[in-house]
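One structure below.
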Amino acid sequence: MKYISGLSSPVFDRPGQRSLAILGSTGSIGTSALKVVAKNRDDLNVVALAGARNMELLARQAEIFRPKYLGVLNEEKADELSVLLPAGYNPRILVGQEGYTAMATLPEADLILAAQVGAAGLVPALAAAEAGKVLCLANKEALVLAGDLFRSACRTSGAAILPVDSEHNALFQAFAGHEGRQACRLILTASGGPFRTRSLQEIQAVTPAQALRHPNWSMGAKISIDSATMMNKGLEIIEAVHLYGASLDEVDVVVHPQSIVHSLVEYEDGSQLAHLGMPDMEIPIGYCLGYPKRLHIGLERLDLARIGTLTFEAPDPLRFPCLNLAREALSAGPSHPVVLNAANEIAVQAFLDGRISFPGIARLIEMMLGKHSLTLMHDLGDILDLDAQTRTRSEEAIGKGEW
Ligand SMILES: NC(=O)C1=CN([C@@H]2O[C@H](COP(=O)(O)OP(=O)(O)OC[C@H]3O[C@@H](n4cnc5c(N)ncnc54)[C@H](OP(=O)(O)O)[C@@H]3O)[C@@H](O)[C@H]2O)C=CC1
Ligand SMILES: CC(=O)[C@@H](O)[C@H](O)COP(=O)(O)O
Ligand SMILES: [Mn+2]
């Protein structure tokens, strides 16, 4: 297993307080990151914030942190935002994919937090890696789509990726002090989601409201549904393979309903090193933003005596077929994960809109993978084309009731 080039040794151009650009500041990760910044003003300041549609929240964040740059989805949102900003504060408002990409490569930014949801976050995150930035990566879909491009961008530019996703952050922390020594297994923990104990029959009829109710984490809608299908863990297997140069059979999943152990690294001698903590994303976000310094987070301390019992069980591939779909997609070749991700994004939205059932999510993905034949992904353009085609085909299949 090999770290992505530069992963373990981010280089900061300027010592002292770090300037942060947050793409996706209005989301769950973005708002947690701003809580970390607010508690660590001597170490961190905000140079840029980007949302997409929630201009009221972006304006409130801007009023508090006064970044020089704000990013929004389109011109209409830029107009909506302008009138919400306080008098006398005149940030530059950057618009659309071009604007997000400019923010991801800002010379003034020491750290880029990629916290947009889904494939929409790929282009700016990759641009940050190509520009040699220290990239704090929450947007796992970007790695699922283009892991090879990130690896080669980091090698060429000297960019470093600090993993925000709690499991990959846990692995990163369990690697500390072992650089250069071979780990032999990565064990990702999974909560099992809200339907962990439901029967196959009960899972057929679950509603979006039930699926959104994650037992341990407060997160955005898309990742909450991914946790309920366990596609989140499937995406995380692919993420781990790309981040740490592991092979697919070196990455295992164990269900751990309490979400206190965030993942484990197994070494040659059989030792397993784990990272434990309260299930709150401020901890892994803070670890990345302050790295290698540990910042003040100030959450309730983990009290194992109070928690009492930590349990572990094997995942059930029958009730949660998405786990194996992700494994099969990764082993099938570089274009299958693109199809997997696009079909999943469309299926999750369709489930949230009440257009397909919960088991329909896995069925649609399986169908789209089954129809796909391996294609070489030469560059970003190929990935974006296949992503767009799969979205169209998935919507057509839903429209025709084929799922
Ligand atoms: N939440 C969590 O605890 C964790 C999340 N992650 C990953 O982090 C990423 C973000 O997740 P989360 O914060 O939960 O998601 P949210 O849905 O809460 O937030 C998504 C963010 O992306 C913005 N956004 C939405 N659509 C677009 C678009 N088309 N273009 C640009 N920006 C867009 C949203 O803006 P707006 O709201 O203004 O429209 C918002 O700022 C995901 O990839 C997720 O898998 C990983 C580990 C844990
Ligand atoms: C907080 C985080 O990293 C999420 O990815 C979380 O792990 C989701 O929970 P599941 O373990 O249920 O997928
Ligand atoms: Mn995770």
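Cβ atoms are placed via backbone N, Cα and C, with glycine included.
Unlike curated entries, TrEMBL annotations are predicted automatically.
The helix, strand and coil residue counts that DSSP assigns across the domain '1-deoxy-D-xylulose 5-phosphate reductoisomerase N-terminal' (20-147) are 60 helix, 27 strand, 41 coil. The domain '1-deoxy-D-xylulose 5-phosphate reductoisomerase N-terminal' annotation in TrEMBL covers 20-147.
The annotation NADPH binding site is assigned in TrEMBL to Thr26, Gly27, Ser28, Ile29, Ala52, Arg53, Asn54, Asn139, Glu141, Gly220.
All protein chains considered, the CB of Asn232 (1-deoxy-D-xylulose 5-phosphate binding site) has 26 other CB atoms within 10 Å. For Lys140, Ser166, Glu167, Ser191, His214, Ser227, Asn232, Lys233, Glu236, the entry in TrEMBL reads 1-deoxy-D-xylulose 5-phosphate binding site.
As a summary of secondary structure, the domain '1-deoxy-D-xylulose 5-phosphate reductoisomerase C-terminal' (161-244) carries 41 helix, 11 strand, 32 coil according to DSSP. Annotation source TrEMBL lists domain '1-deoxy-D-xylulose 5-phosphate reductoisomerase C-terminal' at 161-244.
Sequence annotations record features per position, and here TrEMBL assigns Mn(2+) binding site to Asp165, Glu167, Glu236. Within the same chain, residues at least six positions away from Glu167 (1-deoxy-D-xylulose 5-phosphate binding site) with a Cβ under 8 Å of its Cβ are Leu188, Thr189, Glu236, Ala240, His262, Ser263.
Annotation comment: TrEMBL describes 276-392 as domain 'DXP reductoisomerase C-terminal'.
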Binding-site residues close to ligand 1 - of Thr26, Ser28, Ala52, Lys140, Asp165, Glu236, only those whose C-beta is under 6 Å away: Thr26, Ser28, Ala52, Lys140, Asp165
Which of Lys140, His214, the listed binding-site residues, has fewest other Cβ atoms within 10 Å: His214
Binding-site residues whose CB lies under 6 angstroms from ligand 2, from Ser28, Lys140, Asp165, Asn232: Asp165, Asn232
Candidates near ligand 3 among the binding-site residues Thr26, Ser28, Glu141, Asp165, Glu167, judged by a Cβ under 6 angstroms: Asp165, Glu167
